[in-house]
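Listed features, source Swiss-Prot:
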- Cys247: active site, nucleophile (ACT_SITE)
- His331: active site (ACT_SITE)
- Asp333: active site (ACT_SITE)
- Ser46, Gly220, Gly222, Met248, Gln251, Asn289, Gly291, Tyr292: L-glutamine binding site (BINDING)
- 172-358: domain 'Glutamine amidotransferase type-1' (DOMAIN)
- 1-169: region 'CPSase' (REGION)
Amino acid sequence: MTKRLLILEDGTIFEGEPFGADIDVTGEIVFNTGMTGYQESITDQSYNGQILTFTYPLIGNYGINRDDYESISPTCKGVVVSEVSRLASNWRKQMTLDAFLKIKGIPGISGIDTRALTKIIRQHGTMKATMADDGDSIQHLKDQLRATVLPTNTIEQVSTKTAYPAPGIGKNIVLVDFGLKHSILREFSKRQCNITVVPFNITAEEVFQLNPDGLMLSNGPGNPEDLPEALDMIRGVQGKIPIFGICMGHQLFSLANGAKTCKMTFGHRGFNHAVREIATGRIDFTSQNHGYAVERSSLPDTLMVTHEDINDKTVEGVKHRDFPAFSVQFHPDAAPGPHDASYLFDEFLEMIDSWRCTSK
């Protein structure tokens, strides 16, 4: 059987068995520490352009089902596992992980020492990597990898091109799609909200034409500093209607208010990250997927930190002192992961009710 190579930007080479699509790819290599939820992770648009390493030793044993998609068209570049299950056993499964990746054009590699790979990423940071068959010249692949410039328009690639509705009978929410997870829509649907999903480059004027009760800023991939138009939109909306941001939305909300963001060494990607709510001391276990973070020292007086990571004190949530607006770095929608923080959707809707009363 043909072997598949994983070549890192620092020159490290791993050899493994191929599965999924039979193509060569290059992307940023990252790791996810979740024990389950590989379908949600692979279909999460926040992994756009990235080669996704799973640290859990066996991936694929329950297959792929129709209910756990976070997007219909996944855009991660590749999947790296220690061992892939070629058979799937679950009453909901429709196909194996191998078959799914073949259909979606995503290559995979198994038989990799993912512990060693993760250690490299932790020590040296995320980096470019190439996944290719071993019939190719290794030196040629290394030269190509060094010369590759990864794209920066990742959100433009995954955001909806046109607005569309997710009807409900409750509050009107405009949801800006920076790489939207379907689980966010499901959380609002549970609460009967009337949602309009809009492209990433919508203007403040276009937002108000939709007569919203609140603005939701979704998750998404890439560097938040690449979206100056989104910052202008947020500044034009805040103070007029409540705002809630998640992940990329959190970073954009912070930038729009004068804070700075920085690229993390290896990021937070997994479903077991403990976060402290500063006001109450409450500890929530959260789902996270981000390679950038808000710099605490850069926060203006108008923003207060509401949540922080237990382990490294990363800013995990902020709230505006003057306007009805807040954001969190983690995913309260979970999917996959714990639902400890799903109450934040209720707090957003309660904020809308309070704002209606005070603004009359």
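Using the three backbone atoms N, Cα and C, a Cβ is placed for every residue, glycine included.
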Query raised in the report: Where the distance is taken from Cα to Cα, which of the active-site residues Cys247, His331, Asp333 turns out closest to Gly291 (L-glutamine binding site)?
Result: Cys247
Report task. Show, in sequence order, which residues other than Ser46, Gly220, Gly222, Met248, Gln251, Asn289, Gly291, Tyr292 on the same chain lie with their Cβ within 8 Å of the centre of the Cβ atoms of the L-glutamine site. Result -> Gly179, Asn219, Pro221, Asn223, Pro224, Cys247, His290
Query - Greatest inter-residue Cα distance in Å for the L-glutamine-binding set Ser46, Gly220, Gly222, Met248, Gln251, Asn289, Gly291, Tyr292 - result: 13
Requested in this report: Looking only at C-alpha atoms, tell me how far Gln251 (L-glutamine binding site) is from Asp333 (active site), rounded to the nearest Å.
Outcome: 17
Report summary line: The most crowded of the binding-site residues Gly220, Gly222, Gly291, judged by neighbouring Cβ atoms within 10 Å of its own Cβ, is Gly220
Report task. Measure the Cβ-based neighbour count of Asn289 (L-glutamine binding site), defined as the other Cβ atoms within 10 Å of its Cβ. Result -> 28
Query raised in the report: What is the Cβ neighbour count of Gln251 (L-glutamine binding site) at a 10 Å cut-off, with all protein chains included?
Result: 28
Report task. Can you figure out which of Cys247, His331, Asp333 (the active-site residues) comes closest in space to Tyr292 (L-glutamine binding site), comparing Cα atoms? Result -> Cys247
**Report entry** Per-region confidence, the domain 'Glutamine amidotransferase type-1' (172-358) (mean pLDDT, whole number)
**Finding:** 96
Report summary line: CA pair Gly220 (L-glutamine binding site) / Asp333 (active site), Å rounded to integer, equals 14
Requested in this report: Between the Cα atoms of Asp333 (active site) and the residue listed as 'active site, nucleophile', find the distance and write it as a whole number of Å.
Outcome: 11
Report task. Give the distance between the Cα atoms of Met248 (L-glutamine binding site) and His331 (active site), rounded to the nearest whole Å. Result -> 10
Query raised in the report: When a 10 Å sphere is centred on the Cβ of Ser46 (L-glutamine binding site), how many other Cβ atoms does it contain?
Result: 29
